[in-house]
């Protein structure tokens, strides 16, 4: 009898501890790992913020379009060497890298699948904003984002069919073609208006572009913050996924840059291809995951798109900072060299004038 009472007390204490570690309204609960059921406030907040972010994103893409020249944009479409290199990076390098990382770290099958879904997603619109700040080829950047989003309707199922057979049935993965279509429309229409404005009113387009680039930088930070607020999934997941989430975007940036350089693209286009390769559409990945898997499976993979999003943004900011430092140093060095050359020319002219009894013009003083 005493043993039974002690057992009951232990069970009650365990339930009390679990109730404090994990809220009662959690849809998934394993120790301290919880995915919370969305309450009314969270649902309302999600709708409001999604509407605001969609409008902001449309305005940013409109401003990015103001930097696109129709002739150059059409030139990329007619001679799509840069777009083909980007296509190879987006749907060749990224899925293969995801596959190899999953094998090397020997993650669970369901975790390998979420890594592969991320690798098969098209490029994100944030790459256009960062490409502008690193003096990339905006015409190429926008055309690559548009084409990868359009081609994702066929390439995502194909890549997932090829790579996920090792771990799971690819038919179990639901692809939200409506979300891909909405992303495509939200990208193409504002950019088209921006191109038109740049063609008709170039001076006004420059002002819109400057404002839009600042709003875009704010938008990137805002999306990261909103992701942390709305998705209350536990961050206590497998360390392997944290490591993959760190390596994966860095590998995408690096491999995209080197492949573009090997293909003979110019430096500013290499930077563009690099950003388009490493920056994935993480919102699309989250949608695919939530539509395709059970709550028990989501516990093991729910937060990987957020982890990837954090590190892809972090590495993009490091690339931006490094480029800005390099650019400032290069401009400063060029200025110093030009001043030194001018002084040397001035001295040689003055001495030559003294020797020959001539005069020194005001331009050389």
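Cβ coordinates come from backbone N, Cα and C, glycine included.
According to TrEMBL, the compositional bias 'Basic and acidic residues' annotation covers 334-347.
Annotation source TrEMBL lists compositional bias 'Polar residues' at 348-365.
Summarising the annotation, TrEMBL assigns region 'Disordered' to 334-365.
Annotated transmembrane segment per TrEMBL: 45-63 (among others), in sequence order.
Sequence annotations record features per position, and here TrEMBL assigns transmembrane segment to 83-105 (among others).
Annotated transmembrane segment per TrEMBL: 112-134 (among others), in sequence order. Listed by sequence, the residues of this chain that lie at least six past the ends of the transmembrane segment (112-134) yet keep a Cβ under 8 A from its Cβ atoms are 57, 60-61, 64, 67, 86, 90-91, 94-99, 101-102, 141-142, 144-145, 148-149, 151-152, 155-156, 159-160, 163-164, 166-168, 173, 180, 183, 187, 209, 213, 216-217, 219-220, 223, 241, 244, 248, 271-272, 275-285, 288-289, 301, 304-305, 308, 313, 316, 319-320, 323.
As annotated by TrEMBL, transmembrane segment applies to 140-163 (among others).
TrEMBL lists 175-195 (among others) with the feature transmembrane segment.
Residues or ranges marked as transmembrane segment in TrEMBL: 207-229 (among others).
Annotated transmembrane segment per TrEMBL: 241-263 (among others), in sequence order. Beyond the transmembrane segment (241-263), the same-chain residues lying 6 or more positions past its ends with a Cβ under 8 Å from any Cβ of the stretch are 81-82, 85-86, 88-89, 93-94, 97-98, 101-102, 105, 107, 111, 115, 118-119, 269-280, 301, 303-304, 307-308, 310-312, 315-316, 319.
The transmembrane segment annotation in TrEMBL covers 306-326 (among others).
Ranked by Cβ pairs under 8 Å to the transmembrane segment (140-163), the stretches 83-105, 175-195, 306-326 are led by 83-105.
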